[in-house]
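**Q** The feature domain 'Amino acid transporter transmembrane' is assigned by TrEMBL to 36-441. The transmembrane segment annotation in TrEMBL covers 64-85, 120-141, 161-181, 188-208, 228-248, 269-289, 309-333, 361-381, 387-405, 417-440.
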Amino acid sequence: MGTLFPDEKSENPNGVQQLHHQNDVDAGALFVLKSEGSWMHCGYHLTTSIVAPTLLSLPYAFTFLGWTAGILSLVIGALVTFYSYNLISRVLEHYAQNGKRQLRFRDMARDILGPRWGRYFVGPIQFVVCFGCVVACTLLGGQCMKAIYLLSNPNGTMKLYQFVIIFGCFMLILAQIPSFHSLRHINLVSLILSLAYSVCATAGSSYIGESSKGPEKDYSLKGDTENHLFGIFNAIAIIATAYGNGIIPEIQATLAPPVKGKMFKGLCICYFVLIVTFFSVSVSGYWAFGNKSEGLILSNFVDNGNPLVPTWFIYMTNIFTITQLSAVGVVYLQTTNEVLEQTFGDPKSPEFSKRNVIPRVISRSVAITISTIIAAMLPFFGDINSLIGAFGFIPLDFILPMIFYNFTFKPSKRSSIYWLNVTIAVAFSALGAIAAVAAVRQIVLDAKSYRLFANV
């Protein structure tokens, strides 16, 4: 596994070019994680990776939690993740100032906890989570395309897997964008789109809730005691997925040196958009549909094939969602691209030489093909959502940042920050374990309806 330890003096705008001459630099760091971005670019990347269409599942999470616990969970999630991501940023800045700039999550685990943690725990978990997000984006993109198709052609015969393949072909093109930094303009558009479909979801829910078209409002919690209990932890996994990122070090790696303070500004952009979108969609969706909120709130806009809002409005909202999904998918593909580039690329050859372009195109195309096949075969977005949150985002975003900070800065055991970090890590370790059990249980319960390439 290649490592990258640039000297602190090389933290200048020409840092990437200087890195090319180091013996231990790998092609993944050199070509995919180019350190050329500004704090605003960082804000665009952060917003795309967090404020994604998974937020449209938040009203569904409220059906298991109710008003008070639902809103409280959103507030706690926002506070803990904002704090957590700033802790990771501070650790990364600390190492950069000491001449050991870390560009990847597994680099942090290796240097802070030991090589085995990076190679056998953090690296694999992050890879599976990020690739799982690519699969989920491809699946959801196909579902949104199918929704548009059925509205315009109710008796249409095209199947879900066909739309998944169409979306996968679009992702195949975007996957060839060479570096994370190259996505900055796409991710600015993605930020605008996330606001656009959130406004549409909020307006649509409010319109239906005010009219006589919507269902009778019922906010009672669903299921018996056992199902309700597991539902709570399933909802926590959904919320963790919505707030999850899993690629903070890779995003910070795109910043041009010196990096100090830039990540905090980027996070402020992200969390402004996050608060506006998460809370408006959650509150309006649950208010309008109560415990009948679907796994994707846009599904509530159609009742037995009859649109409850103007058809053009549903088209527009789905198009915004589909377009942003492609940006989210390609952002989470960057960790896969980095691993592929590190494996097959040659840092001593130019980035766009035949030696690097041919394996890059082939390996990325194979990765997208695999993700598209998985999405077409296993079209169960809600269950995938919960599982990713429980097994991936909770450890990466709610637990490891606290451990990294305490190991790096070694705060006094009498200090409040030490015990705050320990409390958060222990609490979310327990929540993550229970949420994982709940997510697996839900898959087992739903397994009887699972069919490969199902047209759901």
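Each residue, glycine too, has its Cβ placed from N, Cα and C.
Curation does not apply to TrEMBL; its annotations are automatic.
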**Q** Find the member of 161-181, 188-208, 417-440 that has more C-beta pairs under 8 Å to the transmembrane segment (269-289) than any other listed stretch.
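**A** Out of the listed stretches, 188-208 contacts the transmembrane segment (269-289) most.
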**Q** Report yes or no: does the transmembrane segment (228-248) come within contact of the transmembrane segment (161-181), defined as 3 or more CB pairs under 8 Å with a sequence separation of 6 or more?
**A** no
**Q** Check for me, if you would, whether the transmembrane segment (387-405) reaches the transmembrane segment (120-141) - at least 3 Cβ pairs under 8 Å, residues 6 or more apart in sequence.
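**A** When sequence-distant Cβ pairs are counted, the transmembrane segment (120-141) touches the transmembrane segment (387-405), since at least 3 lie under 8 Å.
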**Q** I'm a bit unsure how to read this: which one of 64-85, 120-141, 161-181, 188-208, 309-333 has the highest number of Cβ pairs shorter than 8 Å with the transmembrane segment (417-440)?
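**A** Answer is 64-85, with the largest number of Cβ pairs below 8 Å.
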**Q** Counting only residues 6+ away from its ends, which parts of the chain sit with a Cβ under 8 Å from the transmembrane segment (120-141)?
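**A** Distant Cβ neighbours of the transmembrane segment (120-141) are 52-54, 105-106, 108-109, 163-164, 167-168, 170-171, 244, 246-247, 296, 321-322, 325-326, 328-329, 332-336, 339, 367-368, 371-372, 374-376, 378-379, 381, 384-385, 387-388, 391-393, 395-396, 400.
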**Q** How about long-range neighbours of the transmembrane segment (188-208): same chain, 6 or more residues beyond its ends, C-beta under 8 Å?
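**A** Same-chain contacts beyond the flanks: 43-44, 47-48, 51-53, 55-56, 59, 214, 273, 276-277, 280-281, 284-285, 287-289, 297-298, 300-301, 308-309, 313-314, 316-317, 320-321, 323-324, 327-328.
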